[in-house]
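Student: Here's a structure for you.
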Amino acid sequence: MDMDEQLWSEARKICRICLRIDPRSFDIFNSYYVERNTLYCDMLAYCTKYILHPKDGLPPYMCRNCIEHLEDMYEFHLDCEESEKNFLWLLSVR
Ligand SMILES: [Zn+2]
């Protein structure tokens with residue numbers, strides 16, 4: 001591996017969101033949020049409306065802290081959808 005490749009390999013470990021390097025980072029294209037059996041990249045795309053691709057040239061990692069934010073945000077989105085669905089159902093049966 002030459003110097004450029006080594007630098008690029010290190011740079012790719014940077015968190016895609018906060019730009020920190022965390023040894024507990026997750027590869028978002030290969031790691032799942034176990035509670036929902038959902039890939040982190042799909043959760044990020046769902047919550048942000050970004051179009052993500054493993055070959056988009058951006059770092060594929062997110063640090064533990066940002067992953068925790070993503071899990072909370074994803075759960076919040078699901079809660080919003082669920083409550084809206086429930087209210088719409090209640091309105092439909094009145
Ligand atoms: Zn981060």
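Each residue, glycine too, has its Cβ placed from N, Cα and C.
Relevant sequence annotations retrieved from TrEMBL are reproduced here:
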- CYS15, CYS18, CYS63, CYS66: Zn(2+) binding site (BINDING)
- 13-90: domain 'ZAD' (DOMAIN)
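Please situate the listed features within the shown structure.
Tutor: In sequence order, ILE21, ASP22, SER25, PRO59, TYR61, MET62, CYS63, CYS66 make up the list of same-chain residues 6 or more apart from CYS15 (Zn(2+) binding site) whose Cβ falls under 8 Å from its Cβ.
With DSSP classes pooled into helix, strand and coil, the tally for the domain 'ZAD' (13-90) is 39 helix, 11 strand, 28 coil.
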Student: So which one is it: of the binding-site residues CYS18, CYS63, CYS66, which has the fewest other Cβ atoms within 10 Å?
Tutor: CYS18
Student: Limited to the domain 'ZAD' (13-90), I'd like the whole-number average of pLDDT.
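Tutor: Average per-residue pLDDT within the domain 'ZAD' (13-90): 94.
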Student: List, in sequence order, the residues of the same chain other than CYS15, CYS18, CYS63, CYS66 whose Cβ lies within 8 Å of the centroid of the Cβ atoms of the recorded Zn(2+) site.
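Tutor: Nearby residues not in the site list: ARG16, ILE17, LEU19, ARG20, ASP22, SER25, TYR61, MET62, ARG64, ASN65, ILE67.
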